[in-house]
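Here it is: the structure, laid out below.
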């Protein structure tokens, strides 16, 4: 069975084909013999009724010179033209029997063929004249033809032409006496100004089509009309589900997907599903490393052009969207909407697992991964997976060494902006996080959380080797190295090995002499920030750590721990040479130098060596004459803090050293030792 061909192809074949015309006398005789039932009131031209007449009977009707249905600018020279005009969008097969074309009865076409088969868009209905037996005019056929691309549609009994079927429908539904008078445009009339504009704007090479509302130019008449529909508010395509109207059929089809629960497009990377293919394609670009769209201002690259356009607004000073509550302005309306939820407290996105609510849907999606354990973002270098793409990007800087965030004060670079913000507080001295129990302030929230464990006594981190518990995970990790004996960090200058990188960094300051942390009170410098913090308590007198046994307070937690061993008698650090035990690891280290004879600390003034750095520091005061420790009672100054403490007992009368033999008390331990000799001689 031959397929339907376009009008141009048929015409070219007829003009070029040799032999007699297919419009033969036999065909004309057959047409003239066909029964012709006329429309009521149309006896003058004998318009045949579509329900009782085959196509051949309409051929002479189309060629009546005075027929109302014959348009001024459309003539049908061949029966193929009539056939195509009537059925251009219907899938109807043609059977050639000699020179006569057989088609289904047109009444069947009127009544039985579905609106969708005729190309009528979803949400529109055929006019009354097409849904029952009645006028099946060329104009009605134009209505069926229009939505699928034909350019010119004719209105029955009204010499007008339209480019969109909705405008033709509107024309047909107006009574003849109410139709407007023809504009002076060759006798053609239009119901809407947009139709007149569409009629006037036949494009030529010299004059493109211009929209009178916005000045936009078009090369095609349908594009101009679609633009003008936006301005006039005319919406021709209606959704059957919600009644919403649209100016374009393609937009209606996209809208229909919002009523569908099924999401047909699923991402193979992360499993997220989408209703529309365009949304699915945009999402997939997030997984791709390709970022072809680059900002000319800052060089930042994006996977989507829309993301680039949004980013470029960040370089613009204009922020047209302002919050009515606080006056903060935003470049995007979506950002303003999200911001306003801070004031309203609205959190519309609720987790179905735990009930936690979020202001943004993106935060809910990220949170869901804590329940599912999903980590869709994997590092190509080491294979480590992350639940968020932002975490992956931060991690990748470990491999690249990139540190894009630089401190304006000292020039120190950082891989994360959060680390830069924390570092800035070193320069500003800002400590925004305050303990509600003791009032102590911290520069980082994590430091406050760790500090609060002093008050609560919480030690959530337990060593699985010895069962010892710690308040901080970092301290547990350091402790576990005691069991392994591992010291992977070695000094390149002296070869000394350390179990922690921080200890190595601090040690290297011995060789470089670098002491970047200075005390604002006395100017003393330190190689470690922690030592500076401890030193500053000398000036403030702060002693936040209190012994629960005797009430004694200490400036350092480590000193408190060491002190508590006096009460419990615990001496966990034992010398493997002589078996002597100590309550402090530092005392054991100092003691072991007795066996080795090691004195690594040498005075640069006199060359004297010492086994402990503290002894060297105390010795150097002899050369400098410095006496930094002053008694608050009498003003007397001392070179050593321990001597000051002993001196203060003169004023307080404290005698902490008791003789076990006679009970006599002494203010100094050395005096107790001398006294005990009296009993041993006896």
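Quick reminder: no glycine exception, Cβ is built from N, Cα and C everywhere.
Copying in the features that Swiss-Prot gives for the protein in this structure:
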COMPBIAS  1-10  compositional bias 'Basic and acidic residues'
COMPBIAS  113-125  compositional bias 'Basic and acidic residues'
CROSSLNK  253  SUMO2 cross-link
MOD_RES   487  N6-acetyllysine
REGION    62-210  region 'Necessary for transcription activation'
REGION    268-393  region 'Required for nuclear localization'
REGION    341-373  region 'Required for nuclear localization'
REGION    473-503  region 'Required for nuclear localization'
ZN_FING   237-259  zinc finger
ZN_FING   265-287  zinc finger
ZN_FING   293-315  zinc finger
ZN_FING   321-343  zinc finger
ZN_FING   377-399  zinc finger
ZN_FING   405-427  zinc finger
ZN_FING   461-483  zinc finger
ZN_FING   517-539  zinc finger
ZN_FING   545-567  zinc finger
ZN_FING   573-595  zinc finger
ZN_FING   601-623  zinc finger
ZN_FING   657-679  zinc finger
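How about a rundown of where these features are and what they're close to?
DSSP gives residue 253 (SUMO2 cross-link) a helix state.
A coil conformation is recorded for residue 487 (N6-acetyllysine) in the three-state DSSP classification, outside any helix or strand.
Within the model, the region 'Required for nuclear localization' (341-373) shows a mean pLDDT value of 88, rounded to a whole number.
Beyond the ends of the region 'Required for nuclear localization' (473-503), by six or more residues, the same chain brings 461-463, 465-466, 511 to within a C-beta distance below 8 angstroms of the stretch.
Per DSSP, the secondary structure of the zinc finger (293-315) breaks down as 11 helix, 4 strand, 8 coil.
Packing against the zinc finger (321-343) from elsewhere in the chain are residues 310, 313-314, 359-360: each is 6 or more residues past its ends and has a CB under 8 Å from a CB in it.
Only residues 6 or more beyond the boundaries of the zinc finger (377-399), in the same chain, are considered here, and those with a CB under 8 A from a CB of the stretch are 286, 366, 369-370, 415-416.
With a cut-off of 8 Å between Cβ atoms, the residues of this chain six or more beyond the zinc finger (405-427) that come close are 394, 397-398, 443-444, 529.
Residues of the same chain lying 6 or more positions beyond the ends of the zinc finger (517-539) and with a Cβ under 8 Å from any Cβ of it are 426, 506, 509-510, 555-556, 628.
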Give me the CA-CA distance between residue 487 (N6-acetyllysine) and residue 253 (SUMO2 cross-link), in Å, as a whole number.
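Their Cα atoms are separated by 67 Å.
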Could you tally the C-beta atoms, other than its own, that fall within 10 angstroms of the C-beta of residue 487 (N6-acetyllysine)?
14
